[in-house]
């Protein structure tokens with residue numbers, strides 16, 4: 001997704017902030033419109049940095065439903081890696097599904113994780129990202 005984000009951000013002249021922990025350190029050099037924030041590997045450290053750096057009208061790309069719920073409450077648009085734009089209306093349901101799956105895992109049942117990203121997912125992500133960036137002036 002990094003390549004797609006960089007390409008679209010450059011085309012629409014948008015600033016990008018990538019946040020990662022030392023455990024996921026990226027070594028490539030980013031263009032000047034990218035701010036790279038490196039945080040400790042402590043639990044939730046990257047999430048807190050994203051929450052603190054984001055504001056109403058921003059766009060965040062994440063598959064973390066807990067983080068998504070907080071960002072949506074702040075007025076941040078949230079796009080998943082599969083190209084789905086999340087809404088406040090569906091967050092209660094999505095968080096409940098996540099909770100029920102965690103409950104099943106704690107009781108010893110196996111639950112399925114997400115399917116592997118496909119070329120269609122990547123294409124859908126890119127189309128959705130371009131659609132958002134081309135139609136939204138506040139980004």
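Including glycine, each Cβ sits where the backbone N, Cα and C put it.
Please treat TrEMBL annotations as automatic predictions, because they have not gone through curation.
For the ranges 83-103, 104-124, the feature annotated in TrEMBL as region 'Disordered' maps to 104-124. Residue counts for the region 'Disordered' (104-124) under DSSP, split into helix (H, G, I), strand (E, B) and coil, are 9 helix, 0 strand, 12 coil.
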